[in-house]
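Pulled from TrEMBL, these are the features on record:
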type	residues	note
DOMAIN	90-200	domain 'Cation efflux protein transmembrane'
TRANSMEM	24-46	transmembrane segment
TRANSMEM	52-73	transmembrane segment
TRANSMEM	85-102	transmembrane segment
TRANSMEM	117-137	transmembrane segment
TRANSMEM	149-172	transmembrane segment
Amino acid sequence: MSATTAATVDRDELRRRLGRRAQLLALASVTYNVVEAAVAIGAGLVAGSVALVGFGLDSVVEVSSGLIILWQFRHRMPESRERQALRLMALSFFALAAYVAFESVRALVMGHDPDASPVGIALAVASLAIMPFLSFAQRRTGRALGSNAVVADSTQTLLCTYLSAVLLLGLLLNATVGWSWADPVAGLVIAAVAVKEGREAWRGEGCCAGCGTDASGPRAMSLLPVTSDPKARD
């Protein structure tokens with residue numbers, strides 16, 4: 001076996017291993033977000049917390065991101081199909097933002113006082129502890145693969161960390177100081193972030209630089225390794 005053939009075999013095996021790792025990470029993300037959504041929405045409805053319900057609905061949207069990765073790595077998804085999936089995700093974010101913003105404004109105007117939610121606080125702490133590590137693993141795998149899709153999924157996972165911090169602050173202020181307005185304000189922050197993420201998904205943005213894609217063009221999901229040899233892409 002020549003050195004070139006051996007290198008090609010090694011590269012293909014590495015890509016297969018990274019692809020399997022990307023699927024496992026996406027499955028872990030989907031599983032966690034399903035549980036997170038159920039707990040957050042349930043606890044939010046019990047406590048009357050707009051922020052908790054909004055956080056849970058955001059987790060539902062995050063599930064779709066992980067499912068797209070699973071779909072991508074089990075089937076070769078055409079670019080047009082990717083664009084459609086991203087726009088459906090964007091519409092989900094816009095619907096989430098509209099609902100949470102409406103409920104938050106209504107709670108502020110009517111002076112609604114949500115109950116303290118120990119379950120919601122524990123959930124926010126758990127997400128703050130888990131999500132940064134999952135995001136790091138996804139980003140590292142995505143960069144090794146040269147896959148914009150996996151890197152974008154890691155960005156969405158990291159967003160969950162930021163939202164967890166906002167949620168935790170709002171819930172703690174309501175529970176300890178009695179600032180009931182902190183909960184709907186946290187909901188408005190979640191709605192604003194959802195709008196931003198929805199706009200980026202609609203435009204096909206949200207991936208970090210350095211993944212082998214022109215920032216002005218479509219964000220194509222690809223397993224092709226980053227290389228300067230044009231023959232390697234044939």
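Backbone N, Cα and C atoms are what each Cβ position is placed from, and that goes for glycine too.
For the transmembrane segment (117-137), the partner stretch with the most Cβ pairs below 8 Å, chosen from 52-73, 85-102, 149-172, is 149-172. Counting residue by residue with DSSP, the domain 'Cation efflux protein transmembrane' (90-200) contains 98 helix, 0 strand, 13 coil. Of the Cβ pairs linking the transmembrane segment (24-46) with the transmembrane segment (85-102) and spaced 6 or more residues apart, fewer than 3 are under 8 Å, so the two regions do not touch.
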